């Protein structure tokens, strides 16, 4: 096979120069939340990088989470889902996360470990006497098929609690503690207001980690979002699901969906104001929009840090008869290895984009075809939208290929960012996906990790 | 991005040493079929490599074809499908194929070109007076979005007809003429017998081309199979569809399905014997098995020549409640970039295999979930089956990870061939897929093709 390179992870805490701009130097964080990132050494080789993140609310709060749909669900996914169900999404105190080991495919022992991790976090808070077990969401990311070094983690939780704080540095350290092969911590914070309480400045902050585990398994996506707005627990799951479908579920690094993916939102109401209690209220609509935009910006950071990525590509499918059909097409283009390698090669290869569009609705032989009649070749157009605001470059118009100015195409593809616009000419719905390219480095990271 | 390499296609006709063993030095070919591979120079840069293949039956014969399900279908696909429909799969005289240009996304002009190509081939034969237009199947493979140099092709067809012959060299040259970036011609021939005529030695021969177009577009899969058995035209489409589902539709190089994919079978009855006229006959069952096995061996050659491939991997999913469910899982594992890069890295990474198994039945948000309850984590097992006949290496047994002997795993992964066996423990159905790995070379070929 020749030419196999060995991958060395970047030196600890060394953020690549090109990624520095995505790491905030300050932030505005929600009231009543405290965070820490501390070192427990989940991996024996990890001597001082933080690998335990703790997010705590000063008061019991509302929380919801969406979990991977992978059939093989890691122990913390099962434990957290059941806890949230038992509590009807209320009375939650914290999120406890370790990196370095995913506690996935670890059998009954792994389930007990995840339970213990949550219980140890619970002990840090006043015990409620409501008879319901558990008040902490548990997340793990890292190697699969290995047991957690649970004693180390349990011993580390009191120290993690002692280290809690609300400064920007606390948030950034926590964001770093959940990273695996991420090259930079992913943290965003912002303020918003709600129509019913125009004088209150609400805050929302969140962190995520993404695409990249070298040794030995898979990319896990974790996300934690906290806000000091007051939201009825019953409304939070739908708000989060809607937000995630348009953000974390609209990104693709390589189409692989891990056993551990979890995104959680916590709302403690510490900023005051009126609680959002109805789906038909103006506040609800504004918060939904806020949460969706916030989640989208967090999710985009995951794509920015895709393994080996050199490109950040927005795939927009418009003029579709249905959003579901548009999503399927966008997702198929985003996953196409031929599209992704063409992007890496800076190649204006609309044929591959069209090809992926065309096979997006093929199912396996024998499988029921759930075909949405979204694609009419003679009405389909494909363009590049340059990231510098210059005019679109039309590649295909109503099914007829354009004579492409290759010099112009090359200029557009020199930029890190690009939008691929597919117009279906058959409706008014649209969907957006974000993805990156496949580079030699992707193969190196995922194929040559052995040291 | 750095490190971009430029890809040089292998020198003409230079078959890599490792692939020589897949190129036959002799063959037994069906009676009454003549073939040629000639040079017309579809690409101006092609000065002498054969790029026009002609397969003719001495008498009008039965034929069927399966075509790509891509919504953007190339002109020759439309033209050939309509011709076969008009003729009810009988009275077919030839298959005419060019490489170098796919005649895809070429509008009305492209459709006319494909029609003309078929008509020019038809002119080589006695005209039947049945009033039905066309008797030739047309195929094209190569660049998309460019018009065929149709005059060159039309002028070349009489010479292609004059060059027809039945020797092994004729067949091999034709197999070479349909290649694009294939590194070797893919040709198989064999004999078989049918229960009703035990004294007749029937023959079947076929050629295919696969996965690889550098400049600039996509992999197209073409296949042509000819037999001198007599088969009723009405039965041929089902025979071929069944064979293709278990062969050409069970391979994956990168999951991209092209605009031009076509596999055709022709049966001229020149060997004599009884015509197969009933689906319930013994002859039918034997021929179905013969055609399926033959197609499978042809399809495997495509995987052997996958772009940049260093591995040939059989994915077998057994003990499934349904074949459809098993196929979906096998196909998902075969497409997983994390599995494919792990194979390239010779990594016994069962976590990635399990992960792909687990997400195989996830659909897009909002899409109807056609979920088959095939996967029960506690009953799922994963093993490597070594290609040297040594015992299987168990990686996961009933959902519990095994302690893997890494030395043994490394030995198994040193071989080019490997079988990944996933036992679902929930039924008696199975499905098999064949795939290859993702290498640096795959990225180089598909990303760096610009010269």
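Including glycine, each Cβ sits where the backbone N, Cα and C put it.
Values in this document were obtained by computation on a predicted structure and should not be read as measured data.
For residue A:220 (active site, nucleophile), other Cβ atoms within 10 Å of its Cβ number 29. According to TrEMBL, the active site, nucleophile annotation covers A:220.
Annotation source TrEMBL lists substrate binding site at A:180, A:209, A:220, A:307, A:446, A:451.
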Around the Cβ of residue A:180 (substrate binding site), the count of other Cβ atoms that are within 10 Å: 24
Cβ contacts of residue A:209 (substrate binding site) (under 8 Å, same chain, 6 or more positions away): A:99, A:141, A:175, A:178, A:179, A:180, A:182, A:186, A:220, A:221, A:222, A:223, A:302
Collapsed DSSP category at residue A:209 (substrate binding site): strand
